[in-house]
Amino acid sequence: MDLLSGTYIFAVLLACVVFHSGAQEKNYTIREEMPENVLIGDLLKDLNLSLIPNKSLTTAMQFKLVYKTGDVPLTRIEEDTGEIFTTGARIDREKLCAGIPRDEHCFYEVEVAILPDEIFRLVKIRFLIEDINDNAPLFPATVINISIPENSAINSKYTLPAAVDPDVGINGVQNYELIKSQNIFGLDVIETPEGDKMPQLIVQKELDREEKDTYVMKVKVEDGGFPQRSSTAILQVSVTDTNDNHPVFKETEIEVSIPENAPVGTSVTQLHATDADIGENAKIHFSFSNLVSNIARRLFHLNATTGLITIKEPLDREETPNHKLLVLASDGGLMPARAMVLVNVTDVNDNVPSIDIRYIVNPINDTVVLSENIPLNTKIALITVTDKDADHNGRVTCFTDHEIPFRLRPVFSNQFLLETAAYLDYESTKEYAIKLLAADAGKPPLNQSAMLFIKVKDENDNAPVFTQSFVTVSIPENNSPGIQLTKVSATDADSGPNAEINYLLGPDAPPEFSLDRRTGMLTVVKKLDREKEDKYLFTILAKDNGVPPLTSNVTVFVSIIDQNDNSPVFTHNEYNFYVPENLPRHGTVGLITVTDPDYGDNSAVTLSILDENDDFTIDSQTGVIRPNISFDREKQESYTFYVKAEDGGRVSRSSSAKVTINVVDVNDNKPVFIVPPSNYSYELVLPSTNPGTVVFQVIAVDNDTGMNAEVRYSIVGGNTRDLFAIDQETGNITLMEKCDVTDLGLHRVLVKANDLGQPDSLFSVVIVNLFVNESVTNATLINELVRKSIEAPVTPNTEIADVSSPTSDYVKILVAAVAGTVTVVVVIFITAVVRCRQAPHLKAAQKNKQNSEWATPNPENRQMIMMKKKKKKKKHSPKNLLLNFVTIEETKADDVDSDGNRITLDLPIDLEEQTMGKYNWVTTPTTFKPDSPDLARHYKSASPQPAFQIQPETPLNSKHHIIQELPLDNTFVACDSISKRSSSSSDPYSVSDCGYPVTTFEVPVSVHTRPPMKEVVRSCTPMKESTTMEIWIHPQPQRKSEGKGAGKSQRRVTFHLPEGSQESSSDGGLGEHDAGSLTSTSHGLPLGYPQEEYFDRATPSNRTEGDGNSDPESTFIPGLKKAAEITVQPTVEEASDNCTQECLIYGHSDACWMPASLDHSSSSQAQASALCHSPPLSQASTQHHSPPVTQTIALCHSPPVTQTIALCHSPPPIQVSALHHSPPLVQATALRHSPPSAQASALCYSPPLAQAAAISHSSPLPQVIALHRSQAQSSVSLQQGWVQGAEGLCSVDQGVQGSATSQFYTMSERLHPSDDSIKVIPLTTFTPRQQARPSRGDSPIMEEHPL
């Protein structure tokens, strides 16, 4: 039961809320022509008003239809039930909505007021009137006449007048039918853009006016209603003569606007139509179509001849806002032209607003009587204002003329409710005459007024009135109870019992006060405390004895005066502040908050720091603490002091609190790497390392604390193809993939260490150099790589000094070797033939060479030469190949001219592709000034030693030998002699760094001299024989020195560097051979050439003495036992013919001695590269070195004499010197043995690949030499006694089978750091002549890989 009652109450409240929300609308649908007393709807149910119980209302619910006096309503409503019924008035849609377009709905609206005021609502009810088929379609005339020319084509169509049906929709015209057409004509129905159906007559057979000139039939029209209605008309077709051109309107659709107050006769529009015919057939007749409404025909006139449309009667937009005029233009034919004229009648403010007053409160003699105590918002009447104008002209506002306690509240468009806006007072105003004004927004505006009268009924509505509206009283705290404060009084305008007043304390009065009921005296009954309550605000009531009684109130404000009875109170007994250590001096540390319950000066607190602490200050008023010092958490982490608070009372009170300031760490330290210690350290990573192995660990520390000291690691650059990964917490660098040959070399990994500090994280970076190789044997070289790599920018996935392995370049080397060898053999053969025929032209060619240009790179641009693997194998042309021929010959003791066992080492190498970096002569700046001399053409020496004077040993008329006087020092440093553009500048302008660490190595060279023995080197004086220099190197059985006589066992090493490209530095000779200029030599020449066709040059075109051209006069070294035979050709007269004045200042240039450049194919015929040592070795001075070291010296030879070098060893440390050359020559490999080892060099053969066999017994320095045997017939013989204690000599059964992974360079520590970069030695295969271990009399033969 409770649940049901609760639901009912909720529904009632919901209904009240709905009704309280404002006006409502309700829509109903009715059909036209409905009979009387038909139930339309029930508002009580439709608006859910049945949920409101009648017992909660003051009066019963009523429904009142609000309509204008004089109107005949189409509906009525039952006042008690809210049911809506039809009345006896006819509901005719066509009449009610005559002015509404046919395609719009027809509505009828009424308003219903729901009473009483508790639930008052004004409901607007809209009735949608549905059309019924109560009208039949009718033709405009019962007889329709139409003319058709006799030559009309079959299926020609002629428009017939359309029928009109006042009904709409399906009840309108739907179909046309032709009756008794005799199959001559047919009928078609088309729909116009306006939605009207137009009948068209179709000619189905040929017409002949002479045979029959008139056809009579019937046309029937039907609607779609139920029941269906129809009508017929007689159609008379007249066959006329031919008129084959129809009129054509210039514009078929015209829209015009005309104001509704336009006078009669005003032109609306001018129609223009043309006809291509002539004569009578071209005369156009204008007429309205029968579809034009009668109203339009009444208002507009169409001139049949000119087509001018004018106003026939005054227009009224309120009656019809627009008109559609369908105009036909006919030339007498059956196909008139059609044009639609849309006339929009614009509004003119010509209608005065109307005011319609519909009373909700029943008036008495047109006067509404209201009680003065009626509630606010009491609805009095519904005011409706209308204006027939449109837009702003029809926008009406309604208002009253002066201030009254009533207002107009809009509920619908142009409808207002008159209701009370204030309480009525009979004593002030007893009657109201309200003037209502309605005005539109036109220019000028039109207005209308109406009067409404209201009388006020008197009631007991006066309450007592206090003489003071606000009472203020003050009293000190700690008072005595019973003190009287004040007296209040009030008056009442009423009389009698209604004027008798009683005083009462209001419900908000505190218990500390009491009030006398009759006198109004206010008294304090308790002791007051201002700290508990500093003021009291309450009301005092004055109540009369009326029925019902009326009351009024006055507000009393009691203020408590403060006394200093409280000490200052800190918000905390102890304050702890946390400040960052980087807080600036005098920054804000914190705020001390102190309260004092007292008021005024008693609560004015002053703060100070006790104990005279000068480290901090405190604002005495705000309590802000600021430091006078700079914090450093590492020195002191906290500070403690006391703060005193003292109030400003007459007798002051104080208190104190402890303050502790804690210094908090800030992220002011970057992580610092301790491992690796610097960017120059490196770590070895073996290529065989398994993926997932930790290859290195970086360690960084942060001096901060907490999260500011937490370090995270990441790789931010230099990680080639993600080969490495790093653990962000431990710093362990892990190898992610298996290393292949492409990964060998130095990897520069950029590691970033950042802390987790907030708000900004700090970081540091370090370069971790990871060297991927089998071992670290040349630390100096790696350090140099690392040093130079620091100068290169670090980009993502950067690999520094990529080391190409023999395995990855094996195919490339083989292709280069085959192509180079075959090409050089063919070119040398052709060149040998051609050069024999070109001797007369060489002089002119030499002069042309003087005009060659020399380029000089900037020595300041030191760049790390990056050796990167080629993505594609280039086709090696002969000009990119250089063949190094090394002939090591052993002369029989009994026959110095014997050609016995010889081994020729043919060393093909593509230095441009595999070894030497290309120098960019376009982008590299030079140090030349525009007006400076060409220092590249001179070789000025800064050495204090005098230049050598070469004494010729052959006649001066020899045209194959040119000797230049060169200084002792190396004043020329070049990048490489076989690159595309070899540097040929002097030292101050030369390239400062020509090293290629990844592909070269070098060995220090020192000469061990002894006191004079039996053999000395003969001085270089003119003689018929070759000049010979003998150098004693290690003890041998005493033999008589016989020069080149029998019984003298010696080892000859001859180096020949035939020119392989246009960039080669060696000269190809000067022309045909002169027999008289040659010295006697007994050994075979390289590539099997005849002696007379092989030419050498004493000084290559781009070399100086420092590059290996030792002066022949420096060959006198006294006290040498063994000798290296050096044949020096005499100089020629042309040596100084071309010298200029600049030569006296800057030194001799190439123009003094260099011949003109020859054809590259022919110049490769007989090139010989001079193998020279640095200045100390090329001079004639005697140098004494430590006994264990025995070196072999490579000295320059002058062409065409083949030079020989005797290779000897000292007893305990069997060491072989490096055939070392200063740049840009390609240096020979070093055959080195560590001192404790008395082992010989091992010449090992690796069958699988043409790899270089390691010729070394020093484990930390595994040098590799790669040698190829030439395809020519030359050979080199190795004496078994060449090395003593040859325990390590490898035979076939002891060959190194695993040499496929050997490198033909080393990365270990450089043995000679002061020298320039180490040069490349090409690959060579050593093969024994026999399968067995060679005996003492046999020597292994070094053969080229059989490609």
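From the backbone N, Cα and C atoms, a Cβ is placed for every residue, glycine too.
Listed in Swiss-Prot for this protein:
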SIGNAL    1-23  signal peptide
TOPO_DOM  24-812  topological domain 'Extracellular'
DOMAIN    26-139  domain 'Cadherin 1'
CARBOHYD  N27  N-linked glycosylation site
CARBOHYD  N48  N-linked glycosylation site
CARBOHYD  N54  N-linked glycosylation site
DOMAIN    140-249  domain 'Cadherin 2'
DOMAIN    250-355  domain 'Cadherin 3'
CARBOHYD  N344  N-linked glycosylation site
DOMAIN    362-466  domain 'Cadherin 4'
DOMAIN    467-570  domain 'Cadherin 5'
CARBOHYD  N553  N-linked glycosylation site
DOMAIN    571-673  domain 'Cadherin 6'
DOMAIN    677-795  domain 'Cadherin 7'
CARBOHYD  N773  N-linked glycosylation site
TRANSMEM  813-833  transmembrane segment
TOPO_DOM  834-1347  topological domain 'Cytoplasmic'
REGION    1031-1050  region 'Disordered'
REGION    1057-1091  region 'Disordered'
REGION    1097-1116  region 'Disordered'
REGION    1325-1347  region 'Disordered'
Report task. Determine the most Cβ-crowded residue among the glycosylation sites N27, N48, N553, N773, using a 10 Å radius around each Cβ and all protein chains in the structure. Result -> N773
Requested in this report: Average the pLDDT scores across the domain 'Cadherin 5' (467-570) and report the rounded value.
Outcome: 90
Query - Pairwise Cα distance for N48 (N-linked glycosylation site)/N344 (N-linked glycosylation site) [Å, integer] - result: 45
Report task. Take the domain 'Cadherin 2' (140-249) and count its residues per DSSP category (helix H/G/I, strand E/B, coil), listing them in that order. Result -> 3 helix, 55 strand, 52 coil
Report task. Return the member of N27, N344, N773 nearest to N553 (N-linked glycosylation site) in space, with distance defined Cα to Cα and candidates limited to these glycosylation sites. Result -> N27
Query raised in the report: Counting only residues 6+ apart in the same chain, whose Cβ is under 8 Å from the Cβ of N344 (N-linked glycosylation site)?
Result: E255, V256, S257, I258, P321, N322
Requested in this report: Specify the secondary structure state of N344 (N-linked glycosylation site) as given by DSSP, simplified to three classes.
Outcome: strand
Report task. Calculate the distance in Å between the alpha carbons (Cα) of N773 (N-linked glycosylation site) and N27 (N-linked glycosylation site), and round it to a whole number. Result -> 95
Report summary line: the domain 'Cadherin 5' (467-570) resolves under DSSP into 4 helix, 48 strand, 52 coil
